[in-house]
Ligand SMILES: [Zn+2]
């Protein structure tokens with residue numbers, strides 16, 4: 001049983017002025033390892049501070065010292081595929097703006113308790129009118145930097161509707177389309193505002209590369225700093241390779257809703273089998289480690305093929321935390337929830353997960369036998385590199401955002417390693433403390 005987390009405040013006058021916190025007696029996740037170091041953060045800047053500079057050069061003492069009793073201090077988790085949670089669906093048109101914003105705020109605050117401090121709100125395939133109504137609420141929080149808002153949107157993930165009807169999963173076939181006219185078709189679908197250079201709400205688009213016009217579209221998106229992930233696709237290895245050469249840098253939920261690996265026709269997964277030589281481009285890829293979407297050995301094959309590209313995602317649905325039953329979905333469809341298994345009514349098609357990111361990390365730890373540091377990298381430094389945000393998210397280096405998770409490591413009843421979220425900090429402020437919740 002580890003000792004309790006102890007906090008010592010210094011002079012209240014100083015605390016009011018500078019609000020600097022120093023974490024001590026902890027293991028920091030840095031460069032793929034856990035290292036015993038202190039960490040300094042500032043609530044005013046919301047950033048990680050250079051402890052040496054603050055203490056020795058500016059001769060500033062911390063206002064608060066927190067003894068973590070040997071626990072792990074990790075950057076906050078990033079979920080790049082989350083369809084909704086706690087009863088709210090990002091893809092549902094709002095009855096009015098105020099209700100949608102209120103619900104979104106509720107989700108952001110609840111997400112923090114699972115260790116997620118940033119995410120990409122993900123929309124499943126919809127009619128254009130729906131995008132025109134919801135995307136404006138899902139854009140990046142940007143300069144606002146309000147810790148009390150909870151988890152921060154880094155921009156929307158538009159999954160579809162430019163996907164293959166043969167690999168649509170639960171996406172309604174009636175709304176799917178091909179980007180035959182390239183960007184013009186995306187503007188017609190997502191709206192002109194979605195492509196404004198400075199205020200675009202979209203961070204990432206999932207599309208199927210084999211559709212007419214897809215390769216030109218990928219190149220146009222890259223010019224506009226929008227990431228393309230390939231998925232819901234029947235692409236061959238060669239088609240997938242062309243997509244990466246056009247600028248795609250991610251694969252959406254690898255193995256699910258795509259052509260399977262065949263030894264003479266490896267499909268999208270074949271991209272991870274390329275030789276690691278200069279010029280070869282292995283994409284990042286999302287993995288749903290809920291124990292239902294993928295066999296544990298398949299998760300390990302993907303990890304061993306390309307650990308630097310491996311990103312755990314939840315693909316969680318709004319039904320997480322709801323009782324079993326049949327629920328309305330979008331486009332007139334309905335979903336059946338049976339424990340952790342979600343399916344489209346009248347079929348055996350899996351309909352996303354009902355798992356949290358920390359549960360995915362714990363499953364991966366159990367299946368792979370990898371280290372805590374490597375498992376945590378799949379939800380911190382790897383997604384931040386994929387998003388091009390490696391200097392401000394997913395890292396504990398000075399000047400990065402002070403988004404933090406305090407974790408306790410333990411062994412579960414079956415003898416497997418397990419991590420537990422103890423505290424979550426956003427922009428230098430503690431938003432969740434498990435010890436105060438259990439009292
Ligand atoms: Zn999907």
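Each residue, glycine too, has its Cβ placed from N, Cα and C.
Just so you know, TrEMBL annotations never went through curation; they're auto-generated.
Among the candidates 152, 159, 184, 345, the residue that TrEMBL annotates alongside 232, 253 as binding Zn(2+) is 159. Spacing of residue 293 (substrate binding site) relative to residue 253 (Zn(2+) binding site) is 9 Å (Cα to Cα, whole number). Residue 350 (substrate binding site) carries a strand DSSP state (E or B). Packing around residue 352 (substrate binding site) is summarised by its Cβ count: 28 other Cβ atoms lie within 10 angstroms of its Cβ, all protein chains included.
Apart from the site residues 159, 232, 253, the chain places the Cβ of 81, 160, 163, 169, 171, 206, 229, 231, 252, 256, 257, 315 no farther than 8 Å from the centroid of the site's Cβ atoms, the recorded Zn(2+) location.
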